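Quick look at what Swiss-Prot annotates:
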- 157-257: domain 'Fe2OG dioxygenase' (DOMAIN)
- HIS181, ASP183, HIS238: Fe cation binding site (BINDING)
Amino acid sequence: MESGSFPVINMELLQGSQRPAAMALLRDACENWGFFELLNHGISHELMNRVEAVNKEHYRRFREQRFKEFASKTLDSVENVDPDNLDWESTFFLRHLPTSNISQIPDLDDDCRATMKEFARELEKLAERLLDLLCEDLGLEKGYLKRVFCGGSDGLPTFGTKVSNYPPCPKPDLIKGLRAHTDAGGIILLFQDDKVSGLQLLKDREWIEVPPLRYSIVVNIGDQLEVITNGKYKSVLHRVVAQTDGNRMSIASFYNPGSDAVIFPAPALVEKEAEEEEKKEIYPKFVFQDYMNLYIRKKFEAKEPRFEAMKSMEIVMSSQPIPTA
């Protein structure tokens with residue numbers, strides 16, 4: 001399928017007469033693609049340029065040589081490489097909420113720390129704006145999705161960023177940049193390299209490239225939104241294909257529920273399905289951290305068994321007697 005059919009949403013169109021068409025595109029993207037790309041999303045080009053510059057410089061100064069040493073050892077024993085248990089990527093993680101760890105990440109200079117904090121603030125605002133647009137599309141009360149995400153004991157979502165580089169790979173037929181998976185969380189916002197491609201999603205049994213567009217933010221639906229919408233929105237398999245040329249930058253930020261937030265299908269959506277006599281199976285109810293504990297072990301496996309495991313846990317918990325003393 002041509003990349004031109006990939007859903008690209010100009011957020012400026014949400015302000016005027018073309019809003020209905022833009023909202024229809026958003027709905028189609030969430031229901032049938034699990035991915036879309038945003039233009040004119042409110043994050044300045046100047047800030048995105050700084051984010052790209054500080055992260056590429058950080059990789060060059062502190063991580064490139066380490067990765068070359070890892071790659072050399074890996075390729076020297078290529079006959080022993082298990083491609084199902086290896087990703088060709090260099091990564092580090094930043095946590096923003098409920099508490100930040102940016103000051104503790106080694107080798108980050110003050111400019112990089114300040115830039116990434118500023119970027120995180122802008123992404124948080126964009127994620128919350130998107131959640132309200134999704135509420136509008138779903139017919140849910142404004143703020144519903146954010147309240148679910150912030151429904152844990154600290155009243156905050158979990159929000160963090162994975163900073164990745166995918167260096168040139170001499171054996172892309174053997175090793176994936178990142179193996180196929182769905183994302184466990186809520187809504188994912190990706191600032192990707194606009195010069196080196198590699199991100200692909202699975203649609204209709206075909207791997208489709210997510211087009212690298214300058215100054216865009218790629219958004220994808222995580223497993224938790226699939227549960228909350230009772231399957232109306234879908235998280236989809238995606239992967240990164242290793243490239244022989246170029247170093248691909250990927251900065252993915254995950255706006256997820258709080259660790260002890262309880263996730264369950266929105267009652268209003270379940271009731272609407274019942275009224276319309278849609279006989280859909282209802283997704284399970286669980287604590288987000290319980291799902292994450294399973295996901296950590298099963299990330300690169302199908303999502304459906306994870307949902308079934310949560311459903312089994314829900315049945316066991318509901319069958320236990322309630323303490324009276």
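Placed from the backbone N, Cα and C atoms, the Cβ positions cover glycine too.
Under a cutoff of 8 A between CB atoms, and with a sequence separation of 6+ in the same chain, the neighbours of ASP183 (Fe cation binding site) are ASN220, GLY222, ASP223, SER235, PHE254.
What surrounds the Fe cation site, by Cβ distance within 8 Å of the Cβ centroid and not counting HIS181, ASP183, HIS238, is the set ALA180, THR182, ASN220, SER235, VAL236, LEU237, ARG239 from the same chain. Residues near HIS238 (Fe cation binding site) in space but far in sequence (CB under 8 A, at least 6 apart, same chain), listed by position: PHE35, ALA180, HIS181, THR182, LEU199, GLN200, LEU201, LEU202, VAL210, ASN220. Broken down by DSSP into helix, strand and coil, the domain 'Fe2OG dioxygenase' (157-257) contains 6 helix, 46 strand, 49 coil. Across the domain 'Fe2OG dioxygenase' (157-257), the prediction's mean pLDDT works out to 94.
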